[in-house]
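Right, one structure below, let's go through it.
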Amino acid sequence: MGLFQKCSRLSLRSSYMWSVCPQYSIAVTARETPDRALIVHWTQHRDVHNSRRLGANPANPSAAPPRLPFSRVTQEDLSFFRALLPGRTITDPDLLKSSNVDWLKTVQGSSDVLLRPKTTEGVSQILRYCNERNLAVCPQGGNTGLVGGSVPVFDEIILSTSLMNQVFAFDNISGILTCQAGCVLENLSHYLEERDFIMPLDLGAKGSCHIGGNVSTNAGGLRLLRYGSLRGTVLGLEVVLADGHVLNCLATLRKDNTGYDLKQLFIGSEGTLGVITAVSILCPRKPKAVNVAFLGCSSFQQLLETFQCCRGMLGEILSAFEFLDASCMNLLEKHLKLTNPITECPFYIVIETAGSNATHDEEKLHQFLEEVMTSSLVTDGTVATEATKIKALWSLRERVTEALTHEGYTYKYDISLPVEKIYDLVQDMRRHLGGMAKNVVGYGHVGDGNLHLNITSPSKDFDLLAAIEPYVYEWTSQWKGSISAEHGLGLKKRNYIYYSKPSEAVALMGSIKAMLDPKGILNPYKTLPDNIN
C-alpha cells in the first residue's frame, strides 16, 4: 500500500498535591494562574532549602558535588593494572578523551586511566584491588547515556566492557541468549536474526550501546509495548560486586521462585551496586511479517484516539506506537535532510505491526487504516512492508535525538506520565518559557506513556535551566509521573529523585548501596542524591 489520502488540551486540576520532597508534601488548592504561580514559588523555595540540607548545589542540583575522599591513582597502581591487563591499560590522554565525555558533550571527567578487561575474572581482580585501595571506578559500556551516568565526574578509573563481547550460548528452542555485557545491541540483533529470532529491545543507539549498559539502565526502547521491559525479559545476570566477589545468578530458567530475585537489584542500578559482566535474556521469534505505517494527525487528542483504536483493532500484532511533533520533523528536514513522506501535520505517528501471517496482518492493518481515515482521526499516511522502506520510516523517529544535536545545547527530559497528559507538558513548557528557548519539542513512546521533552538554546544558558528546573519536575510530580522513564538518573537527575520516590524508599536504596558497596567506589556521584552519597 502506498501513499493514501483521506477518501484540548486538558486543564490543570484545581486541587493537587505538590511533592518536591516527601517531608514537605502538602495538599494545595489553586483557582487561577496567580494562585498557581504563588504555589510554584513556595515549592521552589522549599526545594532550594532542602537542596542545601542535602549538600547539593542549591543553584543547580544537577551539577557535580565536591570530590569525595577517594585515593588517587599512583604509579604503583598503574604497574598493577599493566601487569593484569597488558596492552589494555590506557593512559594516553588522546585515547582517553572520548571515554571522558558523554554522548551529548555535556559532562566531562578527568580520568587518567581506562581499563579494558576481557573476562569476569579480570573485572573481579580490578574491583578487588580498587576496593582495597579506595579507588573510585566508573563502569562504562557504549557510553550512549544521556544523564551523565557513563562517564567519570572527576578522576575515577574507567572500567570499559568493550572487549567483553562474546556470545556464550543460544538455545534455539527456548530462545534464551547468554552473552557478555559488552556485546553491542545491534550485533546481537544480527546474530539472532540469522537464527530466526530478535532481541526484545530496540533503541536508536543500537549501533553503539552495550547490552550490559542497557540492563544497568533498564533501557526501554521501541519494542517495550510488545515485549515488555528488561525486568521481565532478563532471566539472569552475572555481576561483580565492589569487593571483587562474583555473584553468579546467570539463570536460563523462565521460572525460578527460590528466594529473593537478586538480579532485579542490578537492573536499573546504573552500575552503582555492581558491574554486570554477563546477561541471559529471553528472545522472541523473528516475526514473519512486519509492516510500518507513518501517519499524520491534526491534534494530539486525535492521536490518542488513534492509539485507542489501534490497540483495539490491531491487538496482538501491534509492536510499536511512537509519535513526534511537527517541530521534530522540521529539525529532521533541516539538519539531516530527511524527507517527510506525507503532507505536513502537527503530529506524526509510527506504528509497527509484527506477526506470523502476512495476509492476516495486512488485512487487520487495512481495516484499521480505513477506520481512522474514515473517521478523520488521521489526515494522511504511508505504509511500508519492504525492509529498506521500513528503515526509512523508522529513521524519522529514531534520528530525532541526532537532529537535536545540531540545534546547539539541548536540555533533555525523559518523563513518564499518564498517556493523556504527555503532550500537555510540552505545551505548558512552551508557554512557561516563552521566548527563552530556541525550540521545545516532544516525541516518544505513546504505548507506554513515555515523553522525551527536549529544549534547545544556542548555547548553555543557566537562566533557561533555572526556568526549566524544577518546573518540569514539579509538573511531572503533580500528575504522579516519573522524572526518569528509561534514561536513569545518572549525575544530572540524582538530586531530583524525591519528585518520584518517597524519602523512605530513597533511604532504603542508600542502605542497599552501603551494604553492597560500603566504600562507595562504584560509579560515585550517580543515581542517589548527595545526602545519601
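Keep in mind that glycine also has a Cβ here, set from the backbone N, Cα and C atoms.
Pulled from Swiss-Prot:
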TRANSIT   1-55  transit peptide
DOMAIN    107-286  domain 'FAD-binding PCMH-type'
BINDING   Arg397, Thr401, Lys412, Asn454, His487  (R)-2-hydroxyglutarate binding site
BINDING   Arg397, Thr401, Lys412, His487  (R)-malate binding site
BINDING   Arg397, His487  (R)-lactate binding site
BINDING   His445, His452, Glu486  Zn(2+) binding site
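Overlay of Swiss-Prot feature records on the structure.
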residue: Arg397; record: (R)-2-hydroxyglutarate binding site; CB count, 10 Å: 25
residue: Thr401; record: (R)-2-hydroxyglutarate binding site; CB count, 10 Å: 20
residue: Lys412; record: (R)-2-hydroxyglutarate binding site; CB count, 10 Å: 17
residue: His445; record: Zn(2+) binding site; CB count, 10 Å: 25
residue: His452; record: Zn(2+) binding site; CB count, 10 Å: 24
residue: Asn454; record: (R)-2-hydroxyglutarate binding site; CB count, 10 Å: 25
residue: Glu486; record: Zn(2+) binding site; CB count, 10 Å: 24
residue: His487; record: (R)-2-hydroxyglutarate binding site; CB count, 10 Å: 24
> How big is the Cα-to-Cα gap, in Å, between Lys412 ((R)-2-hydroxyglutarate binding site) and Glu486 (Zn(2+) binding site)?
Replying inline: 12
> For Asn454 ((R)-2-hydroxyglutarate binding site), which DSSP three-state class applies?
Replying inline: strand
> By the DSSP assignment reduced to helix, strand and coil, which category contains Thr401 ((R)-2-hydroxyglutarate binding site)?
Replying inline: helix
> What three-state class does DSSP give His445 (Zn(2+) binding site)?
Replying inline: strand
> Taking the residues Arg397, Thr401, Lys412, His487 listed for (R)-malate, what is the greatest CA to CA distance in Å, to the nearest whole number?
Replying inline: 17
> Reported as an integer number of Å, what is the Cα distance between His445 (Zn(2+) binding site) and Arg397 ((R)-2-hydroxyglutarate binding site)?
Replying inline: 10
> Reported as an integer number of Å, what is the Cα distance between Thr401 ((R)-2-hydroxyglutarate binding site) and Glu486 (Zn(2+) binding site)?
Replying inline: 15
> Setting His445, His452, Glu486 aside, what same-chain residues sit with their Cβ within 8 Å of the center of the Cβ atoms that define the Zn(2+) site, listed in sequence order?
Replying inline: Gly220, Gly221, Asp414, Gly444, Asp448, Asn450, Leu451, Ala485, His487
> How big is the gap, in Å, between the Cα of His452 (Zn(2+) binding site) and that of His487 ((R)-2-hydroxyglutarate binding site), rounded to a whole number?
Replying inline: 10
